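**Student:** Below you'll find the structure I mean.
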Amino acid sequence: MRFIRPILTLKNLLKKPQTAGHITRSTTVINRHDFHNKTRQFHGSAFVKYASPTTEELPMRILLLGSPGAGKGTQSSRIQKSFNISAITSGDLLRQNIANGTRVGKIAAKHMECGAYVPDNIMIELITDELQRFNRQNWLLDGFPRTINQATSLDDNLSLSGQPLNLVINLHVPEEVILQRIMDRWVHVQSGRIYNQSYNPPRIPGLDDITGEKLTKRADDNPETFKIRLQKHHELTDPLLEYYDKQNILITCTGRTSDEIYPQIESELISRYSGGKIIHHENRVVDIRDDDLVVNEEKL
C-alpha cells in the first residue's frame with residue numbers, strides 16, 4: 001500500500017492557502033540587515049512556528065528538543081537520510097566513551113554507577129570534543145543540552161570554536177500520544193536502540209534486529225512514572241525554550257505522528273539552508289530556485 005505525501009513546492013510554501021487544510025503563521029524574517037514580516041505556509045494538519053532564516057552559506061548547526069517519547073530519534077534519522085548531516089546523540093556518545101575507556105568516559109562511569117547525573121562540565125567537554133571532529137561539516141545535537149545552565153555553557157564553548165547553534169527544533173506531540181508510545185516501547189539496553197509495537201516493531205517480537213538479544217521494558221515506562229518525568233521535563237525545558245526563542249533560532253513543530261511533523265522540519269531546512277542550491281535527497285532532487293518544480297515523495 002502506498003502512502004503519498006502531499007506535493008511540496010516553493011510556491012505552495014509561500015502562497016496564501018486556498019483550503020481549510022492549510023495553516024499559516026506570521027513570522028519575523030531576517031534578510032541580511034532588513035527586517036520585515038512574512039507569512040509562510042505548508043500542507044498538513046499540524047503547524048510550525050518558523051524562526052528567522054539565515055544566510056544561504058550557513059552550515060547546519062541544529063539542536064533537536066522534545067519530550068520523552070516525542071520521536072527525536074525518528075526525526076533525526078529522517079533528517080540524516082534527506083540531508084548531508086551527522087547526528088550526535090549524548091547517550092550514544094556517553095556509552096561509546098565508557099566502552100572505550102576514555103578519560104571522560106571513566107569519569108562519567110563513576111557518576112553513573114552511583115546513580116548520579118554526569119556533571120555538566122564533563123558533558124560539555126564530551127560534546128565539544130566530538131564537535132571538533134566535524135569542523136565545518138553539518139551536525140545535529142540530540143539529547144543535550146537539557147537545562148539552561150547546560151545551554152549557556154554549551155553556547156560559550158560553541159562560540160569559542162566558531163560553531164554556534166543556528167537552529168533549535170522543538171517537537172511538540174500531545175501527551176496522550178506520547179503516553180501510548182511509552183507503553184508500547186521496548187529497548188535494547190546495550191545499544192540504546194528503541195522499538196515500538198505500534199509503528200516500529202522488531203522483526204522478531206522481543207528480540208533486537210541487529211544482535212538478536214532480548215528486548216526489555218524500562219522500569220519507568222508506566223503512566224504514573226511517565227507523568228512525573230514529563231512534569232520534570234517541562235520544568236527543565238521551558239526555560240530552555242525561552243532562552244533559544246530570545247535568540248530567534250527556535251521553531252516548534254507540532255503533530256501526532258512523525259509523518260505530520262517531518263514535512264514541517266524538511267520545509268524549514270530547505271528554506272533556511274539550501275540557498276537555492278540543489279539538494280540530493282534519498283529518492284529525489286530538490287531545486288528551490290524553480291518555483292514550478294514539483295516534488296513527490298512516496299512511501300511504500
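Here the Cβ of each residue, glycine as well, is placed from N, Cα and C on the backbone.
This is the feature table in TrEMBL:
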type	residues	note
BINDING	Gly69, Ala70, Gly71, Lys72, Gly73, Thr74, Arg185, Ile194, Tyr195, Ser258	GTP binding site
REGION	89-118	region 'NMPbind'
BINDING	Ser90, Arg95, Gly143, Phe144, Pro145, Arg146, Gln150, Arg218, Arg229	AMP binding site
REGION	184-221	region 'LID'
DOMAIN	185-220	domain 'Adenylate kinase active site lid'
**Student:** Taking Cα atoms as reference points, which of the binding-site residues Gly71, Arg185, Tyr195 is nearest to Gln150 (AMP binding site)?
**Tutor:** Gly71
**Student:** State the count of C-beta atoms found within 10 angstroms of the C-beta of Gln150 (AMP binding site), not counting that atom itself.
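**Tutor:** A count of 19.
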**Student:** Provide the three-state DSSP residue tally for the domain 'Adenylate kinase active site lid' (185-220): helix first, then strand, then coil.
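**Tutor:** Tallied per class, the domain 'Adenylate kinase active site lid' (185-220) gives 0 helix, 12 strand, 24 coil.
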**Student:** Measure from the Cβ of Gly71 (GTP binding site) and count the other Cβ atoms within 10 Å, all protein chains considered.
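**Tutor:** Summing over all protein chains shown, Gly71 (GTP binding site) has 25 other Cβ atoms within 10 Å.
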**Student:** Kindly report the helix/strand/coil residue split of the region 'NMPbind' (89-118) according to DSSP, in that order.
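**Tutor:** Across the region 'NMPbind' (89-118), the residues distribute as 22 helix, 1 strand, 7 coil.
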**Student:** By CA-CA distance, flag whichever of Ser90, Gly143, Pro145 among the binding-site residues is nearest to Gly69 (GTP binding site).
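**Tutor:** Of the binding-site residues Ser90, Gly143, Pro145, Gly143 has its Cα closest to that of Gly69 (GTP binding site).
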**Student:** Return the average pLDDT for the domain 'Adenylate kinase active site lid' (185-220) as a whole number.
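**Tutor:** A mean pLDDT of 89 is what the predicted model shows over the domain 'Adenylate kinase active site lid' (185-220).
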**Student:** Of Ser90, Gly143, Pro145, Arg229, which is closest to Gly73 (GTP binding site) if I measure between C-alpha atoms? They're all binding-site residues.
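**Tutor:** So, of the listed binding-site residues, the one sitting closest to Gly73 (GTP binding site) is Gly143.
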